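Enquirer: Below is the structure I would like to discuss, written out as structure tokens.
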Amino acid sequence: MTGEITILYGSETGNAEEYAKYLKQRLRSYNLKPINLASLDDYPLKRLVTHTSYLIIICSTTGQGEIPRNGKKFMKFILKKKLPSDLFQHLQLTTFGVGDSSYVKYNYAIKKIHTRLMQLGCQLLSPRCEADEISPEGVDGYYIEWEAELIAALLNKFPSASKISSEAVPMPEYRISVSKSDTTIDPKEVIDNPIVSRLGKDGLKLGTVLENNRLTSSNHFQDVRDFKFSSNGLNYLPGDTVSLFPCNFDEDVDALLQSQPQWLKIADKPLNLKNFPHLEGGFADILTLRTLFKYHLDIMSIPRRSFFALLWHFVDPSTEDGEREQEKLKEFGSLDEPEELYDYANRPRRSILETLLEFENNLTIPVSYILDLFPLIRPRMFSIASCPSSKEVELVVAIVEYKTIIRKIRRGVCTRWLKNLKPGDQFLFSIQRSSFKYKDDNSPIIMVAPGTGIAPMKSLIDEVIQNNSKQELYLFFGCRFKEKDNLIESFWHGNENQNLHLVSAYSRDSNSKYRYVQDALFAHSELIGKLLIEQNAKVFVCGSSGKMPREVKITFVEIVKKFTGMDEGDAQKYIIGLEDNGRYKEDAW
């Protein structure tokens with residue numbers, strides 16, 4: 001055993017990964033090494049047995065208490081019944097869950113991982129922690145306390161370790177350099193390479209845009225798209241999702257390169273990369289700084305703490321302005337003043353590009369640190385809205401565009417890219433199976449779907465109709481206005497299918513019969529009570545996370561109380577029982 005420290009993360013949106021990256025920076029500042037960092041699925045399991053002594057896992061929970069996609073293989077392995085109970089007896093373990101207590105299966109993933117690893121012989125390194133994002137202290141508050149206990153435990157194991165100077169620039173993790181030859185690559189000549197060279201890797205397929213039409217009225221603030229594309233050999237079911245792989249816009253990449261003159265001079269020279277970070281689908285075969293920033297590195301997301309913790313090292317403090325800017329960036333990269341980072345980056349939704357442009361006068365970033373500094377562009381997931389087809393996919397996508405408190409327009413990286421796609425354009429995508437499954441057993445289905453939550457419900461409804469099933473479907477849909485964002489009017493105008501029962505709520509129409517979906521549900525208490533209690537109906541709830549899923553569940557509890565005469569406790573247990581039996585499912589994002 002070599003005494004290695006291994007940090008593994010399971011992350012769907014990047015939050016858990018960010019804490020893992022930041023923790024590695026913090027441990028390196030104590031000269032603790034070697035330290036490995038990888039997703040749960042990317043780290044070789046054999047090394048956990050042969051090299052790792054101290055295992056740190058940071059993991060979020062997604063969907064119905066599920067492990068993030070980059071941790072599913074790891075979870076499948078450790079759940080094998082034939083594994084010996086002393087397999088990991090050499091490992092000392094601590095875990096950190098990134099969660100939100102508004103979800104029923106709060107921090108469920110890290111609980112499962114921690115419990116199973118302890119069953120396989122792990123010893124406790126420092127106390128586990130389950131952070132709650134909606135608590136007053138937020139995830140940071142939990143993390144600070146957990147990290148302090150972890151570092152104290154590790155320093156006890158490594159008595160020779162000590163805090164090194166904060167001024168020392170850490171060595172880059174990834175090896176990137178510019179070719180010394182005089183060769184330059186014309187971006188127009190390799191425009192297809194980032195797509196073609198990645199096809200087939202990690203299940204990536206080629207999609208061709210068929211339609212990209214606006215569903216909402218032109219005078220409505222929200223642009224919602226009906227996005228259809230074709231491909232070959234498709235295999236999906238209602239509830240499955242598509243991951244789209246967007247890219248940055250040329251004007252943004254140009255602005256970034258111009259902010260660092262030393263980059264602009266070599267922007268189209270071939271790059272030499274070794275020790276790549278993991279990226280779903282891999283990197284393009286032909287890379288320059290320009291193509292790396294366009295197709296692989298996220299320059300439009302909000303900069304995170306680990307970004308600033310490295311960035312401040314590259315500011316020239318020889319002038320008064322430089323010294324002040326370096327100090328400011330250092331504060332943003334520290335946990336000592338978390339509100340400073342929030343006010344600068346999160347509150348105004350400031351992008352990485354905007355940050356670099358603001359500090360460009362005193363900032364010189366070495367090429368060798370680019371992969372350490374910039375996050376990777378993540379694929380974005382969308383629920384499939386079409387009934388199963390081997391040739392086509394339909395998505396319902398809300399375009400992210402809004403003004404911040406500083407009156408600047410912000411646009412989502414993926415939806416801005418998607419909005420500009422035209423029929424015939426090609427792009428990369430992959431399909432993921434979901435636990436949100438439909439089974440035609442003739443029992444009724446109650447569907448609750450405000451806004452774009454309609455997408456997976458549309459897939460299900462269209463399949464039932466196409467198969468001429470006798471299954472009764474009850475859809476409770478919510479939006480703001482009947483005439484502006486009434487998506488079901490676009491999909492089932494003049495519905496004549498006797499199996500499909502539509503009820504709509506319009507929150508901003510003063511003459512609407514129901515304001516919210518929960519109002520419509522409660523108004524149909526007698527019907528829903530009969531469907532649930534007497535006909536074993538299933539309930540599917542889809543849409544934005546937050547208040548909606550919680551209030552819908554409370555409404556179902558009230559309906560059960562009203563229909564059966566149960567008290568509050570028994571009605572809650574009944575709904576929990578439906579969840580445990582797979583008859584009540586939520587898909588919130």
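Just so you know, glycine gets a Cβ as well, placed from its N, Cα and C.
Not my notes, these are from Swiss-Prot:
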BINDING   11-16, 60-63, 98-107, GLU133  FMN binding site
BINDING   ARG349, ARG380, MET381, PHE382, SER383, GLY412, VAL413, CYS414, THR415, TRP589  FAD binding site
BINDING   THR452, SER507, ARG508  NADP(+) binding site
DOMAIN    5-151  domain 'Flavodoxin-like'
DOMAIN    202-439  domain 'FAD-binding FR-type'
Enquirer: Determine, to the nearest whole angstrom, how far the Cα atom of GLY63 (FMN binding site) is from the Cα atom of MET381 (FAD binding site).
Expert: 12
Enquirer: Rounded to the nearest Å, what's the C-alpha distance separating MET381 (FAD binding site) and ASP100 (FMN binding site)? Just drop the number here, would you?
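Expert: Cα-Cα, rounded: 20 Å.
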Enquirer: Just how many other Cβ atoms lie inside 10 Å of the Cβ on GLY63 (FMN binding site)?
Expert: 22
Enquirer: If you measure every Cα to Cα pair among THR452, SER507, ARG508, the residues listed for NADP(+), what is the largest value in Å?
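Expert: It comes out at 17 Å between the most distant Cα atoms.
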Enquirer: So of TYR103, TYR106, which of the binding-site residues has the fewest other Cβ atoms within 10 Å around its own Cβ?
Expert: TYR106
Enquirer: Do any residues at least six apart in sequence from SER60 (FMN binding site), in the same chain, have a Cβ closer than 8 Å to its Cβ, and if so which, in order?
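Expert: The list for SER60 (FMN binding site) reads GLY10, SER11, GLU12, THR13, ASN15, ALA16, PRO68, GLY97, VAL98, GLY99, ALA109, given in order along the sequence.
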Enquirer: Could you round the CA separation between SER383 (FAD binding site) and THR452 (NADP(+) binding site) to a whole angstrom and send it over?
Expert: 9
Enquirer: Can you give me the average pLDDT across the domain 'Flavodoxin-like' (5-151), rounded to a whole number?
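Expert: Here the predicted model's pLDDT, averaged over the domain 'Flavodoxin-like' (5-151), is 94.
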Enquirer: Counting only residues 6+ away in sequence within the same chain, which have a CB under 8 Å from the CB of SER507 (NADP(+) binding site)?
Expert: GLY478, CYS479, ARG480, ARG515, TYR516
Enquirer: Provide the number of Cβ atoms within 10 Å of the Cβ of VAL413 (FAD binding site), excluding the reference atom itself.
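Expert: Taking every protein chain into account, the count is 21.
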Enquirer: Assuming the binding residues for FAD are exactly those in the record, ARG349, ARG380, MET381, PHE382, SER383, GLY412, VAL413, CYS414, THR415, TRP589, what is the maximum CA-CA distance in angstrom, rounded?
Expert: 25
Enquirer: At 10 angstroms around each C-beta, which of the binding-site residues ARG349, ARG508 has the fewest other C-beta atoms nearby?
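Expert: Checked ARG349, ARG508; of these binding-site residues, fewest Cβ neighbours within 10 Å: ARG508.
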Enquirer: Which of the binding-site residues GLY14, TYR106, THR452, ARG508 has its Cα nearest to the Cα of ARG349 (FAD binding site)?
Expert: GLY14
Enquirer: Give me the Cα-Cα distance between TYR103 (FMN binding site) and VAL413 (FAD binding site), rounded to a whole Å.
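Expert: Rounded to the nearest whole number, the Cα-Cα distance is 27 Å.
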